[in-house]
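Chemist: Residues annotated as transmembrane segment in TrEMBL: 20-39, 51-69, 81-101, 113-132, 138-158, 165-183, 195-213. Taken from TrEMBL, the feature domain 'Peptidase S54 rhomboid' covers 72-212.
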Amino acid sequence: MPFDNSDRPGRGRGTGERAINLPPAVMWLIGINVAIQLLRSLLDEPTDNTIILMFGLIPAAYTGGNGDLLTQVVSPITYQFIHGGWMHLVINMVTLAAFGAPVERMLGVRRFVLFYLSAGIIAGAVQVVLYPDSVDPVIGASGAISGVFGAVLMLMRYTGNLPSLYPIAGIWIALNVFFGLFGGMPGAGGEQVAWAAHVGGFLYGLLAIRFFAPRRG
């Protein structure tokens, strides 16, 4: 059944329109991420490392039987708002602005926020399943944004607004799997990219967006 985007019109370009015309949830997500990075930049390194350990997603905390309960509960959400540096943050936020805006306009604010956060949770869960013994914190919005990327491809397929980008999606998945198997894909802050979270979020976006998008009829 096709998705209904008739009630999500694009905004006009009349007088007084914002130069950066982003929908509210995307703006808030970007603002929260930037604010957290700013606050962390004021901290000394030991304190910042403690925050990463507390609020980053550590797979072994779920499989080793010795993780802190509060951390286990909140980190599937909080890890999405911690980044490995300004470059890591900027890349993710620019990508969120580019792909998140059309998805939010299609879904609406509440559905988009629920979809975005759930994509990040699933992305983190995939990382835990595939790397259960890892003690390296997983941080960043990349898993959630990968879900948004998958949603964009699926929405374009059903709405027919833009040509399908499935070949690009295939290349993107192949690169993530390749670098995950053979290494050599450092993140902006020197950390290794959590390729499994990327692919998990992306596949979630492809498969789950149909349950969030409004339908005709």
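One-based numbering along the chain as shown.
Note that Cβ sites are derived from N, Cα and C of the backbone, with glycine treated the same way.
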Chemist: Do the transmembrane segment (51-69) and the transmembrane segment (113-132) share at least 3 Cβ pairs under 8 Å, sequence separation 6 or more?
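Modeler: In contact, yes.
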Chemist: Against the transmembrane segment (138-158), which of these stretches has the most C-beta pairs under 8 Å: 20-39, 81-101, 113-132?
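Modeler: It is 113-132, which has the most Cβ pairs under 8 Å.
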Chemist: Using a Cβ-Cβ cut-off of under 8 Å, list the residues of the same chain that are 6+ residues beyond the ends of the transmembrane segment (113-132) and lie near it.
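Modeler: Answer is 25, 29, 57, 59-60, 62-63, 75-77, 79-80, 100, 103, 107, 138, 141-144, 146-148, 151, 194, 196-201, 204-205, 208-209, 212.
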Chemist: Please average pLDDT over the domain 'Peptidase S54 rhomboid' (72-212) for the predicted structure.
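Modeler: Reported value for the domain 'Peptidase S54 rhomboid' (72-212) is a mean pLDDT of 83.
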